[in-house]
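Undergrad: I am attaching a structure below and will ask some questions about it afterwards.
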Ligand code: GLN
(Lines of atoms letter the chains of each structure in order from A and count residues from 1; the text may use other names and numbers.)
(Lines give C-alpha, C1' and ligand atoms only; values in the text may rest on other atoms or scores of the structure.)
Protein backbone atom coordinates (compact mmCIF):
# COMPACT_ATOMS: atom_id res chain seq x y z
CA UNK A 1 0.00 0.00 0.00
CA UNK A 2 1.38 3.41 -0.88
CA UNK A 3 -1.00 5.58 1.07
CA UNK A 4 -0.79 4.20 4.60
CA UNK A 5 0.19 7.66 5.81
CA UNK A 6 -3.19 9.02 4.81
CA UNK A 7 -5.06 6.83 7.28
CA UNK A 8 -6.36 8.20 10.55
CA UNK A 9 -5.26 6.59 13.80
CA UNK A 10 -8.50 4.62 14.00
CA UNK A 11 -8.16 3.48 10.39
CA UNK A 12 -4.58 2.35 11.05
CA UNK A 13 -5.67 0.43 14.14
CA UNK A 14 -8.50 -1.23 12.22
CA UNK A 15 -6.17 -2.08 9.33
CA UNK A 16 -3.72 -3.71 11.73
CA UNK A 17 -6.51 -5.61 13.47
CA UNK A 18 -7.86 -6.87 10.14
CA UNK A 19 -4.39 -7.93 9.02
CA UNK A 20 -4.43 -5.58 6.03
CA UNK A 21 -0.86 -4.62 6.85
CA UNK A 22 1.62 -5.32 9.62
CA UNK A 23 3.24 -2.91 12.02
CA UNK A 24 6.55 -3.64 10.28
CA UNK A 25 5.10 -2.60 6.92
CA UNK A 26 3.60 0.51 8.45
CA UNK A 27 6.83 1.40 10.21
CA UNK A 28 8.85 0.83 7.07
CA UNK A 29 6.43 3.02 5.14
CA UNK A 30 6.87 5.92 7.56
CA UNK A 31 10.65 5.51 7.76
CA UNK A 32 10.83 5.63 3.96
CA UNK A 33 8.81 8.83 3.92
CA UNK A 34 11.02 10.33 6.61
CA UNK A 35 14.16 9.40 4.64
CA UNK A 36 12.81 11.17 1.58
CA UNK A 37 10.58 13.99 2.71
CA UNK A 38 12.17 15.04 5.98
CA UNK A 39 15.19 16.30 4.07
CA UNK A 40 12.91 19.25 3.18
CA UNK A 41 11.01 19.58 6.45
CA UNK A 42 13.73 18.75 8.98
CA UNK A 43 11.35 17.77 11.71
CA UNK A 44 13.35 14.84 13.14
CA UNK A 45 16.48 15.34 15.23
CA UNK A 46 16.95 11.59 15.65
CA UNK A 47 15.36 8.78 13.66
CA UNK A 48 15.33 5.52 15.60
CA UNK A 49 14.84 3.10 12.71
CA UNK A 50 16.54 0.13 14.30
CA UNK A 51 14.58 0.32 17.53
CA UNK A 52 11.39 1.04 15.59
CA UNK A 53 11.67 -2.25 13.71
CA UNK A 54 12.30 -4.15 16.94
CA UNK A 55 9.19 -2.55 18.46
CA UNK A 56 7.17 -3.15 15.29
CA UNK A 57 8.12 -6.83 15.20
CA UNK A 58 7.25 -7.17 18.87
CA UNK A 59 3.88 -5.54 18.13
CA UNK A 60 3.23 -7.92 15.26
CA UNK A 61 4.14 -10.88 17.48
CA UNK A 62 1.77 -9.65 20.19
CA UNK A 63 -1.00 -9.38 17.66
CA UNK A 64 -0.35 -12.86 16.32
CA UNK A 65 -0.55 -14.19 19.85
CA UNK A 66 -3.89 -12.43 20.32
CA UNK A 67 -2.51 -10.02 22.91
CA UNK A 68 -2.63 -6.76 20.99
CA UNK A 69 -4.57 -3.77 22.27
CA UNK A 70 -6.16 -1.17 20.00
CA UNK A 71 -3.06 0.96 19.34
CA UNK A 72 -0.47 -1.85 19.29
CA UNK A 73 1.96 -1.30 16.42
CA UNK A 74 1.10 2.34 15.59
CA UNK A 75 4.07 4.67 15.05
CA UNK A 76 4.60 7.89 16.98
CA UNK A 77 7.13 10.73 17.14
CA UNK A 78 8.19 12.13 20.51
CA UNK A 79 9.18 15.71 21.12
CA UNK A 80 12.88 15.71 21.98
CA UNK A 81 12.08 16.99 25.46
CA UNK A 82 10.83 13.57 26.64
CA UNK A 83 13.64 11.38 27.96
CA UNK A 84 14.12 8.15 26.07
CA UNK A 85 16.30 5.46 27.53
CA UNK A 86 19.30 4.71 25.35
CA UNK A 87 18.33 7.33 22.76
CA UNK A 88 19.66 10.86 22.63
CA UNK A 89 17.43 13.50 24.26
CA UNK A 90 18.59 17.02 23.38
CA UNK A 91 15.77 19.46 24.20
CA UNK A 92 17.03 21.25 21.09
CA UNK A 93 20.19 22.34 22.91
CA UNK A 94 23.90 22.02 22.30
CA UNK A 95 24.31 21.50 26.02
CA UNK A 96 22.46 18.17 25.72
CA UNK A 97 23.77 17.25 22.29
CA UNK A 98 25.37 14.10 23.70
CA UNK A 99 22.87 13.32 26.46
CA UNK A 100 21.52 9.80 26.62
CA UNK A 101 18.95 9.38 29.34
CA UNK A 102 19.20 6.32 31.61
CA UNK A 103 15.39 6.18 31.85
CA UNK A 104 12.18 6.83 29.90
CA UNK A 105 9.78 9.67 30.60
CA UNK A 106 6.46 8.35 31.91
CA UNK A 107 4.77 9.49 28.70
CA UNK A 108 7.26 7.40 26.72
CA UNK A 109 6.76 4.39 29.01
CA UNK A 110 3.01 4.69 28.62
CA UNK A 111 3.45 4.81 24.85
CA UNK A 112 5.53 1.63 24.96
CA UNK A 113 2.98 -0.06 27.21
CA UNK A 114 0.28 0.79 24.67
CA UNK A 115 2.41 -0.85 21.97
CA UNK A 116 3.34 2.36 20.12
CA UNK A 117 6.41 2.28 17.88
CA UNK A 118 8.80 5.21 18.31
CA UNK A 119 9.94 6.54 14.92
CA UNK A 120 12.24 9.10 16.49
CA UNK A 121 12.62 12.37 18.35
CA UNK A 122 11.44 15.61 16.83
CA UNK A 123 12.84 19.13 16.85
CA UNK A 124 11.87 21.98 19.16
CA UNK A 125 12.96 25.40 20.32
CA UNK A 126 15.89 25.11 22.72
CA UNK A 127 14.48 24.03 26.10
CA UNK A 128 11.02 24.82 24.68
CA UNK A 129 11.71 28.55 24.80
CA UNK A 130 10.36 30.09 21.66
CA UNK A 131 7.54 30.22 19.15
CA UNK A 132 9.25 29.28 15.89
CA UNK A 133 11.51 26.25 16.52
CA UNK A 134 14.33 28.38 15.10
CA UNK A 135 16.17 28.51 18.40
CA UNK A 136 17.01 24.81 18.14
CA UNK A 137 20.73 24.07 18.04
CA UNK A 138 19.87 21.59 15.28
CA UNK A 139 18.52 24.21 12.90
CA UNK A 140 15.08 25.40 11.88
CA UNK A 141 12.25 23.02 11.06
CA UNK A 142 10.16 24.05 8.06
CA UNK A 143 6.41 24.48 7.89
CA UNK A 144 5.05 21.78 5.52
CA UNK A 145 2.50 24.30 4.18
CA UNK A 146 5.25 26.70 3.04
CA UNK A 147 8.82 25.58 3.47
CA UNK A 148 10.12 29.13 3.87
CA UNK A 149 7.89 29.57 6.94
CA UNK A 150 8.28 28.36 10.51
CA UNK A 151 6.08 25.57 11.88
CA UNK A 152 5.65 27.50 15.12
CA UNK A 153 7.07 26.42 18.42
CA UNK A 154 8.24 25.17 20.63
CA UNK A 155 6.75 21.83 19.50
CA UNK A 156 7.44 22.73 15.85
CA UNK A 157 9.04 19.39 15.01
CA UNK A 158 5.99 17.51 16.30
CA UNK A 159 3.66 19.72 14.26
CA UNK A 160 5.71 19.59 11.08
CA UNK A 161 6.17 15.80 11.28
CA UNK A 162 2.43 15.20 11.55
CA UNK A 163 1.51 17.85 8.96
CA UNK A 164 3.91 16.28 6.44
CA UNK A 165 2.55 12.80 7.22
CA UNK A 166 5.85 11.70 8.73
CA UNK A 167 4.05 10.37 11.82
CA UNK A 168 0.34 9.74 12.51
CA UNK A 169 0.55 11.63 15.80
CA UNK A 170 3.14 13.12 18.11
CA UNK A 171 3.69 14.21 21.67
CA UNK A 172 4.18 17.87 22.43
CA UNK A 173 4.54 20.07 25.49
CA UNK A 174 2.91 23.37 26.25
CA UNK A 175 4.27 25.86 28.79
CA UNK A 176 2.78 28.95 27.20
CA UNK A 177 1.29 27.72 23.92
CA UNK A 178 3.82 25.28 22.51
CA UNK A 179 1.21 22.69 21.51
CA UNK A 180 -1.57 25.03 20.41
CA UNK A 181 0.43 27.57 18.42
CA UNK A 182 2.40 25.08 16.24
CA UNK A 183 -0.84 23.12 15.76
CA UNK A 184 -2.40 26.37 14.58
CA UNK A 185 0.52 27.19 12.25
CA UNK A 186 0.51 23.68 10.74
CA UNK A 187 -3.24 23.05 10.45
CA UNK A 188 -3.43 20.41 13.19
CA UNK A 189 -5.43 19.61 16.29
CA UNK A 190 -3.48 19.91 19.55
CA UNK A 191 -4.60 19.62 23.14
CA UNK A 192 -2.97 21.26 26.16
CA UNK A 193 -4.40 19.34 29.13
CA UNK A 194 -5.21 20.65 32.60
CA UNK A 195 -2.04 21.08 34.67
CA UNK A 196 -1.51 17.77 36.46
CA UNK A 197 -3.34 15.55 33.96
CA UNK A 198 -0.21 14.27 32.19
CA UNK A 199 2.93 13.24 34.05
CA UNK A 200 5.94 15.53 33.78
CA UNK A 201 8.33 12.82 34.93
CA UNK A 202 11.21 12.63 32.46
CA UNK A 203 9.97 15.69 30.56
CA UNK A 204 12.87 18.15 30.67
CA UNK A 205 11.66 21.05 32.78
CA UNK A 206 11.30 24.57 31.45
CA UNK A 207 8.86 26.23 33.89
CA UNK A 208 7.57 23.51 36.19
CA UNK A 209 4.36 25.21 37.32
CA UNK A 210 3.30 25.75 33.70
CA UNK A 211 4.68 22.75 31.72
CA UNK A 212 2.23 20.16 30.49
CA UNK A 213 2.50 17.42 27.86
CA UNK A 214 -0.25 16.68 25.38
CA UNK A 215 -1.18 15.14 22.02
CA UNK A 216 -0.80 16.65 18.53
CA UNK A 217 -2.53 15.05 15.56
CA UNK A 218 -4.74 15.75 12.56
CA UNK A 219 -8.07 15.44 14.32
CA UNK A 220 -9.67 15.53 17.74
CA UNK A 221 -10.34 11.82 17.35
CA UNK A 222 -6.64 11.06 16.78
CA UNK A 223 -5.75 13.30 19.74
CA UNK A 224 -8.25 11.43 21.91
CA UNK A 225 -6.51 8.13 21.19
CA UNK A 226 -3.15 9.56 22.22
CA UNK A 227 -4.65 11.36 25.21
CA UNK A 228 -5.96 7.99 26.43
CA UNK A 229 -2.33 6.83 26.43
CA UNK A 230 -0.74 9.94 27.96
CA UNK A 231 -3.15 10.92 30.74
CA UNK A 232 -3.13 9.69 34.30
CA UNK A 233 -1.68 9.98 37.76
CA UNK A 234 1.99 9.18 38.19
CA UNK A 235 3.56 8.61 41.60
CA UNK A 236 6.83 9.90 40.11
CA UNK A 237 5.36 13.36 39.51
CA UNK A 238 4.04 14.93 42.70
CA UNK A 239 2.09 17.52 40.70
CA UNK A 240 0.19 14.93 38.70
CA UNK A 241 -3.38 14.55 39.91
CA UNK A 242 -4.87 11.50 41.52
CA UNK A 243 -8.06 11.79 39.57
CA UNK A 244 -9.85 9.31 37.35
CA UNK A 245 -9.03 9.61 33.69
CA UNK A 246 -11.84 9.87 31.16
CA UNK A 247 -12.07 7.62 28.15
CA UNK A 248 -11.51 10.44 25.70
CA UNK A 249 -12.40 8.30 22.68
CA UNK A 250 -15.66 7.02 24.14
CA UNK A 251 -16.57 10.61 25.04
CA UNK A 252 -16.02 12.05 21.56
CA UNK A 253 -19.73 12.56 21.09
CA UNK A 254 -20.38 13.12 24.77
CA UNK A 255 -20.88 16.89 24.72
CA UNK A 256 -23.77 18.41 22.91
CA UNK A 257 -22.89 21.44 20.81
CA UNK A 258 -26.58 22.29 20.89
CA UNK A 259 -26.95 24.76 23.71
CA UNK A 260 -23.21 24.88 24.42
CA UNK A 261 -22.44 28.34 25.72
CA UNK A 262 -19.27 29.76 24.14
CA UNK A 263 -17.79 32.89 25.69
CA UNK A 264 -16.16 35.39 23.35
CA UNK A 265 -13.81 37.67 25.29
CA UNK A 266 -14.29 41.23 23.97
CA UNK A 267 -10.70 42.11 24.78
CA UNK A 268 -9.32 39.25 22.65
CA UNK A 269 -10.77 40.41 19.39
CA UNK A 270 -9.47 43.96 19.77
CA UNK A 271 -5.86 42.99 20.33
CA UNK A 272 -3.46 45.12 18.35
CA UNK A 273 -1.66 42.85 15.92
CA UNK A 274 -4.57 40.46 15.38
CA UNK A 275 -4.41 39.69 11.69
CA UNK A 276 -7.64 40.49 9.83
CA UNK A 277 -7.76 37.12 8.10
CA UNK A 278 -7.11 35.20 11.28
CA UNK A 279 -9.94 37.14 12.88
CA UNK A 280 -12.23 36.42 9.93
CA UNK A 281 -11.53 32.66 9.89
CA UNK A 282 -12.00 32.38 13.64
CA UNK A 283 -15.28 34.29 13.43
CA UNK A 284 -16.44 32.05 10.58
CA UNK A 285 -15.70 28.97 12.68
CA UNK A 286 -17.71 30.42 15.55
CA UNK A 287 -20.56 31.11 13.14
CA UNK A 288 -20.42 27.46 12.13
CA UNK A 289 -20.55 26.37 15.74
CA UNK A 290 -23.51 28.70 16.19
CA UNK A 291 -25.27 27.03 13.25
CA UNK A 292 -24.61 23.72 14.98
CA UNK A 293 -26.52 25.01 18.00
CA UNK A 294 -23.93 26.73 20.17
CA UNK A 295 -24.82 30.00 21.87
CA UNK A 296 -22.24 32.76 21.61
CA UNK A 297 -22.00 35.31 24.39
CA UNK A 298 -19.63 38.18 24.80
CA UNK A 299 -17.61 38.06 28.02
CA UNK A 300 -15.00 40.17 29.75
CA UNK A 301 -11.51 39.00 30.55
CA UNK A 302 -10.13 42.13 32.09
CA UNK A 303 -6.62 40.90 32.82
CA UNK A 304 -5.64 40.44 29.16
CA UNK A 305 -2.97 43.15 29.24
CA UNK A 306 -1.22 41.38 32.11
CA UNK A 307 -0.75 38.01 30.37
CA UNK A 308 2.52 38.66 28.54
CA UNK A 309 4.40 40.49 31.34
CA UNK A 310 3.24 38.01 33.99
CA UNK A 311 4.22 34.94 32.00
CA UNK A 312 7.54 36.41 30.87
CA UNK A 313 8.43 36.99 34.50
CA UNK A 314 7.32 33.68 36.00
CA UNK A 315 8.48 31.39 33.18
CA UNK A 316 12.07 32.74 33.06
CA UNK A 317 12.22 32.74 36.89
CA UNK A 318 11.38 29.04 36.99
CA UNK A 319 13.64 28.37 34.01
CA UNK A 320 16.62 30.02 35.65
CA UNK A 321 16.18 27.68 38.58
CA UNK A 322 15.53 24.54 36.50
CA UNK A 323 18.44 25.13 34.17
CA UNK A 324 21.01 25.39 36.96
CA UNK A 325 21.50 21.64 36.70
CA UNK A 326 23.16 22.01 33.29
CA UNK A 327 26.55 22.88 34.69
CA UNK A 328 28.98 21.00 32.47
CA UNK A 329 29.57 18.49 35.25
CA UNK A 330 26.56 16.23 35.37
CA UNK A 331 25.07 16.41 31.90
CA UNK A 332 26.02 17.03 28.36
CA UNK A 333 28.39 19.57 26.96
CA UNK A 334 31.57 20.54 28.79
CA UNK A 335 33.93 23.28 27.60
CA UNK A 336 37.48 22.38 26.63
CA UNK A 337 40.43 22.84 28.98
CA UNK A 338 38.79 24.64 31.89
CA UNK A 339 41.33 26.36 34.12
CA UNK A 340 39.26 25.86 37.27
CA UNK A 341 35.75 24.91 38.37
CA UNK A 342 34.32 28.40 37.94
CA UNK A 343 35.73 28.59 34.42
CA UNK A 344 34.19 25.16 33.66
CA UNK A 345 30.74 26.29 34.81
CA UNK A 346 30.89 29.61 33.06
CA UNK A 347 32.20 28.48 29.72
CA UNK A 348 30.18 25.27 29.55
CA UNK A 349 27.01 27.28 30.10
CA UNK A 350 27.84 30.19 27.82
CA UNK A 351 29.03 27.89 25.05
CA UNK A 352 26.28 25.31 25.60
CA UNK A 353 23.18 27.51 25.86
CA UNK A 354 21.85 29.56 22.96
CA UNK A 355 21.02 33.25 23.07
CA UNK A 356 17.33 33.04 23.97
CA UNK A 357 17.97 30.59 26.78
CA UNK A 358 20.70 32.82 28.18
CA UNK A 359 18.38 35.82 27.98
CA UNK A 360 15.74 34.00 29.99
CA UNK A 361 18.21 32.76 32.60
CA UNK A 362 19.37 36.35 33.09
CA UNK A 363 15.84 37.76 33.32
CA UNK A 364 14.79 34.99 35.69
CA UNK A 365 17.83 35.28 37.91
CA UNK A 366 17.29 39.03 38.14
CA UNK A 367 13.62 38.62 39.06
CA UNK A 368 14.47 36.10 41.77
CA UNK A 369 17.40 37.98 43.25
CA UNK A 370 17.07 39.18 46.85
CA UNK A 371 16.46 42.86 46.17
CA UNK A 372 13.87 42.34 43.42
CA UNK A 373 12.05 39.19 44.48
CA UNK A 374 9.09 40.96 46.09
CA UNK A 375 8.80 43.63 43.43
CA UNK A 376 8.82 41.19 40.51
CA UNK A 377 8.34 37.53 41.32
CA UNK A 378 5.91 37.83 44.21
CA UNK A 379 3.94 40.49 42.38
CA UNK A 380 3.73 38.34 39.26
CA UNK A 381 2.38 35.47 41.36
CA UNK A 382 -0.34 37.73 42.69
CA UNK A 383 -1.29 38.84 39.20
CA UNK A 384 -1.28 35.22 38.15
CA UNK A 385 -3.95 34.55 40.76
CA UNK A 386 -6.06 37.42 39.42
CA UNK A 387 -5.79 36.00 35.91
CA UNK A 388 -6.99 32.63 37.17
CA UNK A 389 -9.91 34.26 39.02
CA UNK A 390 -10.87 36.11 35.85
CA UNK A 391 -11.29 32.77 34.08
CA UNK A 392 -13.13 31.13 36.95
CA UNK A 393 -15.58 33.98 36.99
CA UNK A 394 -16.13 33.61 33.26
CA UNK A 395 -16.78 29.88 33.64
CA UNK A 396 -19.66 30.65 35.98
CA UNK A 397 -21.62 31.77 32.93
CA UNK A 398 -20.09 29.97 29.92
CA UNK A 399 -19.04 26.39 29.09
CA UNK A 400 -15.99 27.16 26.98
CA UNK A 401 -14.12 30.27 25.88
CA UNK A 402 -13.14 30.89 22.26
CA UNK A 403 -10.06 32.73 21.02
CA UNK A 404 -7.59 32.63 18.19
CA UNK A 405 -4.60 30.42 19.07
CA UNK A 406 -2.24 33.03 17.66
CA UNK A 407 -2.73 36.56 16.32
CA UNK A 408 -1.10 35.67 12.98
CA UNK A 409 -0.40 32.73 10.71
CA UNK A 410 3.14 31.28 10.49
CA UNK A 411 6.05 33.73 10.26
CA UNK A 412 8.70 33.57 7.57
CA UNK A 413 11.86 31.75 8.61
CA UNK A 414 14.47 34.34 9.60
CA UNK A 415 11.85 37.07 10.10
CA UNK A 416 14.01 38.00 13.06
CA UNK A 417 11.34 39.34 15.35
CA UNK A 418 12.65 41.15 18.40
CA UNK A 419 12.13 39.25 21.67
CA UNK A 420 9.24 41.57 22.57
CA UNK A 421 7.52 41.09 19.21
CA UNK A 422 7.92 37.35 19.59
CA UNK A 423 6.55 37.36 23.14
CA UNK A 424 3.52 39.43 22.08
CA UNK A 425 2.63 36.67 19.61
CA UNK A 426 1.87 34.45 22.63
CA UNK A 427 -0.91 36.71 23.88
CA UNK A 428 -3.70 34.14 23.37
CA UNK A 429 -2.02 31.09 24.84
CA UNK A 430 -0.10 32.17 27.97
CA UNK A 431 -3.02 32.78 30.33
CA UNK A 432 -4.25 29.21 29.96
CA UNK A 433 -0.98 27.94 31.43
CA UNK A 434 -0.90 30.60 34.13
CA UNK A 435 -4.35 29.42 35.20
CA UNK A 436 -3.57 25.71 34.66
CA UNK A 437 -6.58 25.25 32.36
CA UNK A 438 -7.00 22.91 29.37
CA UNK A 439 -7.30 24.28 25.82
CA UNK A 440 -7.36 22.92 22.30
CA UNK A 441 -6.46 24.20 18.85
CA UNK A 442 -8.54 23.23 15.84
CA UNK A 443 -7.77 24.16 12.22
CA UNK A 444 -10.47 26.43 10.79
CA UNK A 445 -9.24 27.55 7.39
CA UNK A 446 -6.47 29.42 5.62
CA UNK A 447 -5.24 32.91 4.90
CA UNK A 448 -4.54 34.29 1.40
CA UNK A 449 -1.13 32.63 1.36
CA UNK A 450 -2.72 29.26 2.09
CA UNK A 451 -1.30 29.18 5.63
CA UNK A 452 -3.50 27.51 8.26
CA UNK A 453 -5.50 29.43 10.87
CA UNK A 454 -6.46 27.95 14.24
CA UNK A 455 -9.36 28.37 16.66
CA UNK A 456 -8.61 27.91 20.33
CA UNK A 457 -11.23 26.63 22.76
CA UNK A 458 -10.41 26.99 26.46
CA UNK A 459 -12.24 24.82 28.97
CA UNK A 460 -12.67 24.70 32.71
CA UNK A 461 -10.44 22.36 34.75
CA UNK A 462 -10.55 18.68 33.66
CA UNK A 463 -12.76 19.39 30.65
CA UNK A 464 -10.49 17.68 28.11
CA UNK A 465 -13.31 15.35 27.05
CA UNK A 466 -15.61 18.28 26.42
CA UNK A 467 -13.01 20.16 24.34
CA UNK A 468 -12.19 17.09 22.25
CA UNK A 469 -15.87 16.36 21.81
CA UNK A 470 -16.77 19.87 20.62
CA UNK A 471 -13.88 19.89 18.15
CA UNK A 472 -14.74 16.35 17.00
CA UNK A 473 -18.27 17.40 16.16
CA UNK A 474 -17.02 20.52 14.39
CA UNK A 475 -14.71 18.25 12.39
CA UNK A 476 -17.61 15.96 11.48
CA UNK A 477 -19.34 19.01 9.99
CA UNK A 478 -16.30 20.57 8.26
CA UNK A 479 -13.16 19.31 6.56
CA UNK A 480 -10.42 21.81 7.41
CA UNK A 481 -8.61 19.18 9.48
CA UNK A 482 -8.33 16.80 6.55
CA UNK A 483 -6.66 19.27 4.19
CA UNK A 484 -3.06 18.36 3.46
CA UNK A 485 0.00 20.35 2.54
CA UNK A 486 1.40 19.64 -0.92
CA UNK A 487 4.49 18.00 0.54
CA UNK A 488 2.33 15.55 2.49
CA UNK A 489 0.80 14.45 -0.82
CA UNK A 490 4.20 13.31 -2.07
CA UNK A 491 4.93 9.63 -2.01
CA UNK A 492 8.19 8.19 -0.85
N1 LIG B 1 6.50 30.82 23.30
C2 LIG B 1 6.44 30.63 24.71
C3 LIG B 1 7.81 30.76 25.31
O4 LIG B 1 8.70 30.98 24.58
C5 LIG B 1 5.81 29.30 25.06
C6 LIG B 1 6.73 28.16 24.90
C7 LIG B 1 6.16 26.85 25.40
O8 LIG B 1 4.96 26.70 25.57
N9 LIG B 1 7.05 25.93 25.70
O10 LIG B 1 8.02 30.64 26.47
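Keep in mind that glycine also has a Cβ here, set from the backbone N, Cα and C atoms.
Here TrEMBL flags 25-468 as domain 'Amidase'. Per TrEMBL, active site, charge relay system is recorded for 79, 154. Per TrEMBL, the feature active site, acyl-ester intermediate maps to 178.
Describe the structural context of these features.
TA: The Cβ of residue 79 (active site, charge relay system) lies under 8 Å from the Cβ of 121, 122, 124, 155, 157, 158, 170, 171, 172, 173, each on the same chain and at least six residues away in sequence.
Around the Cβ of residue 154 (active site, charge relay system), 34 further Cβ atoms fall within 10 Å across all displayed protein chains. Mapped onto three states, the DSSP output places residue 154 (active site, charge relay system) in coil.
In the three-state DSSP scheme, residue 178 (active site, acyl-ester intermediate) falls into the coil class.
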Undergrad: Please report the distance from the Cα of residue 154 (active site, charge relay system) to the Cα of residue 178 (active site, acyl-ester intermediate), rounded to the nearest angstrom.
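TA: About 5 Å separates the two Cα atoms.
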Undergrad: Just jot down the residues in the same chain as residue 178 (active site, acyl-ester intermediate), at least 6 apart in sequence, with C-beta under 8 A of its C-beta; none if empty.
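TA: Spatial neighbours, sequence-distant, of residue 178 (active site, acyl-ester intermediate): 124, 125, 128, 131, 153, 154, 155, 172.
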Undergrad: Using DSSP, would you call residue 79 (active site, charge relay system) helix, strand or coil?
TA: strand
